[in-house]
Amino acid sequence: MAATPSVRTFTRSEILNAEALNEGKKDAEAPFLMIIDNKVYDVREFVPDHPGGSVILTHVGKDGTDVFDTFHPEAAWETLANFYVGDIAEHDRAIKGDDFAAEVRKLRSLFQSLGYYDSSKAYYAFKVSFNLCLWGLSTFIVAKWGQTSTLATIVSAAILGLFWQQCGWLAHDFLHHQVFQDRFWGDLFGAFLGGVCQGFSSSWWKDKHNTHHAAPNVHGEDPDIDTHPLLTWSEHALEMFSDVPDEELTRMWSRFMVLNQTWFYFPILSFARLSWCLQSILFVLPNGQAHKPSGARVPISLVEQLSLAMHWTWYFATMFLFIKDPVNMVIYFLVSQAVCGNLLALVFSLNHNGMPVISKEEAVDMDFFTKQIITGRDVHPGLFANWFTGGLNYQIEHHLFPSMPRHNFSKIQPAVESLCKKYGVRYHTTGMVDGTAEVFARLNEVSKAASKMGKST
């Protein structure tokens, strides 16, 4: 626990200056100050122990009231109190008036009172069981016919890719603590479904995904859109063309990728899962976070490292035990990776890609809830859409209320859309095909902007 510091009064400008000091790394012991409910907390000592990873750093030097309330249970206030260092001066305090953000907070309280944050354990037991049946079916097919049939190998690999995709959605729910109030069980199921089954590190996922939630589509902060030059989602990223003036080959390669990204979209997605798996492995290695400041590194447990080892053990064991032809082994590997990569990334793209990308400066002037809504895209519900996307077709609702179980999103969607209409906040919903077309349109717009930039230089 942090030592009890002296309590003082701060102005908001002092908090912003503290952020600038940390970014410049002028002082290794500079405080990590943030504002929550007009109180100031120095969370520097807590960062390594923060269960959600380094997402906490996204609101250093900012007002984190709504993001804290959205992500944390009541018990978190007791932990936060250990890092209290003062208050915002009375003349500089934020007032929670009867505005859009205030009404979203009221909706959250209403939904809690209606029991919409309570999960159906039977629903999730069915989802987990059904998903494990996909795994069993894939293994049965390759075990029965994998030695003699290339077609069976392809079918088995495709079903395995689908199994991994659906594991992603379930691990997402458990690690967002939508299912259990006791976070130990959420983390345990998340480690099994995400680590053993899917091959993704829970700590890596939390570090990346929670940061995305805190700063969705914010250029320079959201890791989900930090994919330049493979895929470039906004003109902001094109500034990188000028960052390497002495590396002509790098610039040429970057321009080539950006100008042709609509053609490379699906081939790139085919390797997305493999990339995320490799990132997970690197993240949990002893020096896997060496690129981060020492205070922002996430402790990795032996259990998590073992979960990834178990994943690759059963995956390769299945391949070598049941497939004898080396060519079919390669086919099995590539098809399973490509199917999962495309199925996962197609949904990720529908969620946010093609929606507004905002600068850090714009994000500072925008309330937390508006930022979640205008950068998200809902996809029309239906039996297939709800299953295929793991409930993330209710992307806006999920971002506003991330610990609400997916099976309750349909109950709250009309109220959310109505509130957005009342305040003139853009609420975008579309079909899966139209949403994918919007993604491609955005990629094409950025390619054209890059082309014009090249002609003007």
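We number each residue from 1, going along the chain as drawn.
Every residue, even glycine, has its Cβ placed from backbone N, Cα and C.
Not measured: the values here are computed from a predicted model.
Feature annotation from TrEMBL assigns domain 'Cytochrome b5 heme-binding' to 13-89. Under the heading transmembrane segment, TrEMBL lists 263-285, 306-323, 329-350.
Panel annotation: around the transmembrane segment (263-285), residues 161, 164, 199-201, 203-205, 207, 230-231, 257, 300, 304-305, 308, 337-338, 340-342, 344-346, 440, 443 of the same chain, lying at least six beyond its termini, place a Cβ under 8 Å from a Cβ of the stretch. The list of residues near the transmembrane segment (306-323) in space but at least 6 beyond its ends in sequence, with Cβ under 8 angstroms from a Cβ of it, reads 139, 142-143, 146-147, 153, 191-192, 195-199, 201-202, 280-281, 284, 329, 332-333.
In the predicted model, residues of the domain 'Cytochrome b5 heme-binding' (13-89) average a pLDDT of 81.
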